[in-house]
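Visitor: Quick one: the structure is below, and I'll ask about it shortly.
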Amino acid sequence: MSYCTINSLILMFPSSSFRHYKKRCQGRMRKHVGDLCLQAGMLQDALVHYHMAVELLRSVNDFLWLGAALEGLCSASVIFHYPGGTAGKASGRKPSLAQGQGQAADAGKRHRPGKQHSPLCALTANGISADTSSEIGRAKNCLGPEDIIEKYKEAISYYGKYKNAGVIELEACVKAVRVLAIQKRAMEASEFLQNAVYINLGQLSEEEKIQRYSILSELYHLIGFHRKSAFFKRVAAMQCVAPTIPEPGWRACYKLLLETLPGYSLSLDPKDFSKGSHRGWAAVQMRLLHELVYASRRMGNPGLSVRHLSFLLQTMLDFLSDQEKKEVTQSLENYTSKCPGGMEVLTLPDGLKLPPVAFTKLPIIRSVKLLDLPVSLRPHKQKGLLENNMSTKSPFIYSPIIMHTRGEERNKKIEFQWVQGEVCEVQLMVYNPMPFELRVEHMGLLTSGVEFEALPAALSLPAESGLYPVTLVGVPRTAGNITVNGYHTSVFGVTSDCLLEGLPSVLTSGCVVEVIPSLPRLQLSTSLPRSAHPLQPSKEELSSSVSVQLFNGETQHLTITLENIGSEDLETLEVASKTCNTKEKLFGEFLSWDLDEAVSQLPLKPGQSVTLTVNIKVRLDFSGGENLLQDLNDDGISVTGLPISSPLRQVLKPRAETKPLGSESSKTDYNHVKTLEAVMTFKYSGGAGKVEGYYRDLTLGVHVDIEPSVFFTRVSTLPATRTRQCHLLLDVFNSTEHELTVSANNNQDLVLHASECQRMAIQVDKFDFDTLPQPDQEALRYTNPKLLEEERLHAQASMINSTLGITWNIISFGEASVEGVLNQLVLEHLQLAPLQWDVVVNGKPCDCDLIADCRVGDAVPLEVKLTNRSKNAVGPFALTVVPFQDYQNGVQNYDLQDAVTFIGSNTFYIDTVKPTENSVCMGALLFLYTGDFYLNIKFQDDSAGQGKELPPSWFGLPSVHIKALEAPIEAGA
């Protein structure tokens, strides 16, 4: 400046004003030189000039330039302390000022107050090198970390004094926040940002507003205020579609809204919401999701709208009100009518991938249970082919510590099996959380391991229903291990694949089951009606059951039809039966059949059928029923035996005379019904399953109600005229309400009226029980003697019953069994004695009803033969023959010395007779007068040494009746 110019200036201002002006010019010059040094990388010189500028400008109250000088001082100090820059990670080393002076050329460009600054400007210098000044000088002129912030505050306060300095005030705030972020002083940084929010920048364009809010969002994110950052990011997004913008930027709005999601603890992956409790403010999150739905719709991408709305419904269902649930579902249905939702991953233009959303809460699944096949379709493994399922994971047989997780339970293999080609079922317990009826379409199973054909189902769940069972079905087409991974649904037009591994709260007993090769399938039908009540004693599940009512002794034919309704040939068929209630004593076979004809028709092709006839024969013992016997006693009938002199027919008194009409007993009368139940098992196999050792079985329950027909109140015996025969006396009672006819072999029919009792006498040959099969030595050794005795008595009674052949006939035909009433005494009387005695008179076998003829004066030969059929040797015996006459009036005459004489001795001696051998002794008699004579053959007392040890029935010798006739007169006499 020339001397004249200076003088002119001195003349213009007073001395004090001139000094003030001079200092202001010097201070501003120092600030400007500091900026140049900072740009040139001379950090030490810049610090010196900034310090001098601050001192000069503070003395003249030049606040705008003072703030700029303080900001420059702070910037130079920041470069020294944080050579890595405030935008990146600070380095722990202080570099030399001489390194790379040219790298900091732009460091001071933004500190000139005469230049208009953008609100987005920030200190972005990286790697500033310092000059060669000494370390002492740098430490003296550089501000400390705390002083930097204080100087920034002072500079911002000076900027605030000027209305038009809002831009540089905002820039200073931004720089201070970045420094505080490095110093990890978030609360102080938030105060600077809060001040920056309220800085008036005048009229800004829409783009500048968006940039301002975006920068604020980034700074809040930098200091860790994520929700505050998300707030300003959302404000920037809304600014993109402000009403004042002629062409709203919906794509930019959508992009900014996506960036706000982490700040509100919101993720677009549904898996993040299944991990524990909900995070974040649900109301704000729902508002943001609604804005995403609206923005995507305005973008013209309905698929994106469906995805966000599905996500909203799935993750925020618990926070939606009933009205909001209805509105969201209606909106979703409107969107899906144009663009159905699926399980594909959506990729946005910027590369962001949106995972699929599965409706695991529509409906909510509480448990998953794989169901076993029905009883008639369950496969069974042949015995001896069962696999060894012992686990080798632990050397201990038992451990009280069971370490398992839901995942292990889900992968556990279930014990039962499914069959290839058969419909399998999985039961889900579902719950509808919606306040309206929920319609689920195309709900099916998701499986792996084998080829599986899922059969989708459609269901409608009532509003807010409780647990509701839903059964999903499918057909495995190949054999192997199948895993049920989950289920798929279609709700509100959105298709969902719900995997169980993503539902840890779902209870399951295992989702892995073995599918065995295919087996034939039989359908059973019967000629009898189906039973209305299950078998009570039987704990097993039955495929089917029939019921029939029979009289005791009646036989019913049951025709069973087995139809092969499967796809495999029936190759094997076995039939067995088991009586359920064994408290009733049953005589004979309850169920009998002939399987040969049915087996001859195998293999049975699909669609073919085979029939089997089963005979249901019931023979129970009603004679021992206490109630029935009591009823008989009440009516005056003796149940302990009718005397021989009593009339043959005695009629019971009517029940109405003895019991009131309304009593319970009068309703039942003699209807003491017994029940007999059995289970028939049809075991069959074929196809590939048979090769693997599997079979199926059908079970048929047979329920028979048995009414008493005829039964025997008493049984006794009388000797017959022949020693090898006897009379069996049976008191027969008709307990039915019908008149019936009782028949027996070689006996007259007996007609019994309702509730009538009569005596039946049947003459029978004595029975040789030794011909019955005898148990072997092993059975005698290991079997209970009491049981052997019961089996022996049962065999004897069965032999007697089959010989008698007692039957009855009402409308139907049946048998009457005496097996239950035969006691030991009766059996002994009916048994053929092991010692067989034969008496022959004059060459003619004799018994009581046979009369031998002879002539007076002729010698009559007498022969006694003993045959030993016992197991031991018998004898010797001494027999005495005593003749007598019976006058048929109770008087017998033994004084016949003048009428009958013996040729020889009247005593016969029999030596020891071994088993299966015989002994014969001979004698003769001479009759002197005509008449009827009887011979009484008895044992002598002195010869019964061994005989006394044998039963008396063994010595039953027949009585001999001889008729002596007049000798013919010889011609010419």
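Keep in mind that glycine also has a Cβ here, set from the backbone N, Cα and C atoms.
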Visitor: Could you tell me which of the ranges 87-117, 645-675 is annotated in TrEMBL as region 'Disordered'?
Guide: 87-117
Visitor: What is the number of residues in the domain 'Trs120/TRAPPC9 N-terminal' (18-83) that are helix, strand and coil, as DSSP sees it?
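Guide: Per DSSP, the residues of the domain 'Trs120/TRAPPC9 N-terminal' (18-83) fall into 58 helix, 0 strand, 8 coil.
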Visitor: I'm checking region-level scores; what's the whole-number mean pLDDT for the domain 'Trs120/TRAPPC9 third Ig-like' (720-773)?
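Guide: Across the residues of the domain 'Trs120/TRAPPC9 third Ig-like' (720-773) the model's pLDDT averages 79 on the 0 to 100 scale.
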Visitor: Using DSSP, how many residues in the domain 'Trs120/TRAPPC9 third Ig-like' (720-773) fall into helix, strand and coil?
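Guide: For the domain 'Trs120/TRAPPC9 third Ig-like' (720-773), the helix, strand and coil counts are 3 helix, 28 strand, 23 coil.
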Visitor: When secondary structure is assigned with DSSP, how many helix, strand and coil residues does the domain 'Trs120/TRAPPC9 fourth Ig-like' (853-963) contain?
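Guide: Tallying H, G and I as helix, E and B as strand, the rest coil: 10 helix, 58 strand, 43 coil.
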